[in-house]
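Student: Here you go, one structure.
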Amino acid sequence: MVLDGLRRIVRNFIESREYETSVNEFVKELQKELIRSDVNVRLVMDLTKKIKERAAEERPPPGLTRRDWFLSIVYEQLVNLFGGPERPQVKPPKKPWVVLLVGLQGSGKTTTAGKLAYFYKLEGYKVGLVAADTFRPGAYEQLKTLGEAVGVPVYGEPGSKDAVSIAVKGVEFFREKGFDVIIIDTAGRHHREEDLLAEMEDIAGRVRPDEVVLVLDASIGQQAFEVASKFHNKTPVGSIIVTKLDGTAKGGGALSAVAATGARIKFVGTGEKIDELEVFDPKRFVARIMGLGDLEGLLERV
Amino acid sequence: MFRRLKSVFSNFVERVASIAFSKEKLLGELEELKLELLSNDVALEVAEDISSKLNKAIEDNVVKSREKLVEYLKETILGYFREAGSIEFDKAVRSERPFKIVFLGVNGVGKTTTIAKIAYYLKEKGLKPLMVAADTFRAGAQEQLKIHGDRIGVPVFTGRYGVSPASVAFDSIAYAKSRGFDVVLIDTAGRMHTDVDLVEELRKVVKVVKPHMKILVVDALTGNDAIEQARFFNEKVGVDAVVIAKVDAYEQGGVPVSIVYAIKKPILFIGVGQDYKDLKLFDPIEYLERILPA
Ligand SMILES: Nc1nc2c(ncn2[C@@H]2O[C@H](COP(=O)(O)OP(=O)(O)OP(=O)(O)O)[C@@H](O)[C@H]2O)c(=O)[nH]1
Ligand SMILES: Nc1nc2c(ncn2[C@@H]2O[C@H](COP(=O)(O)OP(=O)(O)OP(=O)(O)O)[C@@H](O)[C@H]2O)c(=O)[nH]1
Ligand SMILES: [Mg+2]
Ligand SMILES: [Mg+2]
């Protein structure tokens, strides 16, 4: 994922001689890594400016070298970029928990709906899927197949063109039967398709989901920020799922979406198969990409 | 009518501009341009190549004003497109019968939809296309292409889920030959270029089909990964031409530049919506006007 070249930069920093020049060098390299990972350019500039400012203004606490202290600042700022230090909450706080998946065309919503259904089913919940994509040819068959593969029922009305009504009826159908988690798949749409955005708003307005999940492809570039803002404006995004991290894409666009919506990344998709979904923990992730085994220890001293 | 006057005027502006613009100022401008390219998803590697070329031009005093800088930038990017050459698609598809095209790309970029659009395009031009659903993997892939086929009135050659895509593709060619189809459009499952087995499977399809053209489909919203995708498919499977889908979502995106820079292959079409007629021939000049600062 993002910043897999960071480890090298950190090592160079640690091994370099002169502190001031190595800070500058580090910041420059970090910028490059972030841009290469598709983090929004403006966000990158803000982040590195902030790191430089803190490094210039704050004083290291006693007992800590300037270098370690600088790395702890970088760590903190990066964790913030990922939405902050808390672990994501994946357990449904209430029942039924209604999840609405939204996102661009082909981002992986339908596949992720199947994966989430499987994930929650394994956790012991009764899960239902609602096929509210009436736009893409074969969308119902796709979700139906995935539902069958994981043993989760799918509500759909093949042939119907009314996504809003399917969503409403589907949620009602599973609610009445006492299901715990209800996952609604919707058609792909982009930030300039006003009709489709209105449809999404309509679905959200009628269904009142407990969580709107923005599904983002790891390969999305600089548009991620704008896309996420637009979705967020129409239907406030509660969490983000980044798909297709098994490719070479770094997923930095998702970080821009975090900044644009204030939502957190909850899961990441790492393959086409139904079990290729992982819970995402920003702190662990940042520590790992910085390649600092004893980072926790270091941070305790800060 | 006023052309003469206009040129006098603009020459004057340029002279003044060249006095006002010191090398340093121009290098500053160059940094701005570079950030602007990056913000438009021109991949980092490409933005750096462009910027080092421009840097040299400034150092060599070839570029002395902001206008010249933008002009030179335009030329540099156009250069990539020229190097990629061009293909006259309408002519190409008539050069053999049946003309076989295999579509490639990572997951969800728009391959299947693009095939339906191209089939519609060919049908409108009086040709007889066959679409082949050689994606026997992704749930709903067969149904998806079949529904497209029904809607545009183009036959679809299907396969059973789970069977080898190469065998479906192979059978479809024999079928197309015996039924007198003009063009065969073969859909393949999306796959990550990092997945060795799936890439091997794709090579098998290409081996049995011996396509006249291999078209890579790339999503217009892709960031730096566009280069990786293009290079990989080009090296491992071979790419003859490119279609950029979902351009309606991002008209000024830098993906076309990144792609032609990376693999020097022409862009045939862009997808500009989810309808069958939302397919346009790609024009580098028109595109440049969208991505470059005025
Ligand atoms: N390699 C990989 N492929 C994935 C992942 N998630 C989804 N895909 C693939 O991405 C493609 C698109 O996925 P879909 O689930 O159809 O995407 P969608 O957002 O529902 O698409 P639309 O409904 O058309 O907007 C399919 O080929 C999926 O198999 C992932 O984590 N890794
Ligand atoms: N807005 C817009 N959407 C498009 C365009 N081209 C394709 N799509 C949409 O993108 C989504 C994915 O398209 P597909 O054709 O299924 O993509 P694919 O590459 O075949 O996907 P896989 O076979 O799963 O790898 C669908 O919802 C399409 O309607 C386009 O030019 N503009
Ligand atoms: Mg879908
Ligand atoms: Mg497809």
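Every residue gets a Cβ built from N, Cα and C, even glycine.
Positions annotated as GTP binding site by TrEMBL: B:GLY105, B:VAL106, B:ASN107, B:GLY108, B:VAL109, B:GLY110, B:LYS111, B:THR112, B:ASP187, B:THR188, B:ALA189, B:GLY190, B:ARG191. According to TrEMBL, the feature domain 'SRP54-type proteins GTP-binding' maps to B:266-279.
Explain the structural surroundings of these features, please.
Tutor: Around B:ASN107 (GTP binding site), the C-beta neighbours below 8 angstroms that are at least 6 residues distant in the chain are B:GLY190, B:ARG191, B:MET192.
With helix defined as DSSP H, G or I and strand as E or B, the domain 'SRP54-type proteins GTP-binding' (B:266-279) counts 0 helix, 6 strand, 8 coil.
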Student: Taking residues 6+ outside the domain 'SRP54-type proteins GTP-binding' (B:266-279), which of them lie with a CB under 8 Å of any CB in it?
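Tutor: For the domain 'SRP54-type proteins GTP-binding' (B:266-279), the list is 81, 84-87, 89, 110, 113-114, 116-118, 120-121, 151-152, 215, 220, 241-248, 256, 259-260.
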Student: With the Cβ atom as the reference point and anything under 6 Å counting, tell me which of the binding-site residues (B:ASN107, B:VAL109, B:LYS111) are near ligand 1.
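Tutor: So the answer is B:ASN107.
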Student: Which residues, sitting 6 or more apart from B:ASP187 (GTP binding site) on the same chain, put a CB under 8 Å from its CB?
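Tutor: Those within reach of B:ASP187 (GTP binding site), by Cβ under 8 Å and sequence separation of 6 or more, are B:PHE103, B:LYS111, B:THR112, B:ILE115, B:MET131, B:VAL132, B:ALA133, B:ALA134, B:ASP135, B:ALA141, B:LEU145.
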Student: Among the binding-site residues listed here, B:VAL109, B:ALA189, whose Cβ has the fewest other Cβ atoms inside 10 Å?
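Tutor: The binding-site residues B:VAL109, B:ALA189 were compared, and B:ALA189 has the fewest Cβ atoms within 10 Å.
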Student: Neighbour count first, Cβ atoms within 10 Å, every protein chain included; then name which of B:LYS111, B:ARG191 tops the list of binding-site residues.
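Tutor: Of the binding-site residues B:LYS111, B:ARG191, the most buried by Cβ count within 10 Å is B:LYS111.
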Student: Given the binding-site residues B:GLY105, B:LYS111, B:ASP187, B:ALA189, which pass a C-beta cutoff of under 8 Å against chain A? Sequence order please.
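Tutor: Near chain A, no listed binding-site residues qualify.
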Student: With Cβ-Cβ distance below 8 Å and at least 6 positions apart along the chain, what are the contacts of B:GLY105 (GTP binding site)? List them in sequence order.
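Tutor: Counting only residues 6 or more apart in sequence, the Cβ neighbours of B:GLY105 (GTP binding site) under 8 Å are B:LYS111, B:GLY190, B:LEU216, B:VAL217, B:VAL218, B:GLN229, B:PHE233.
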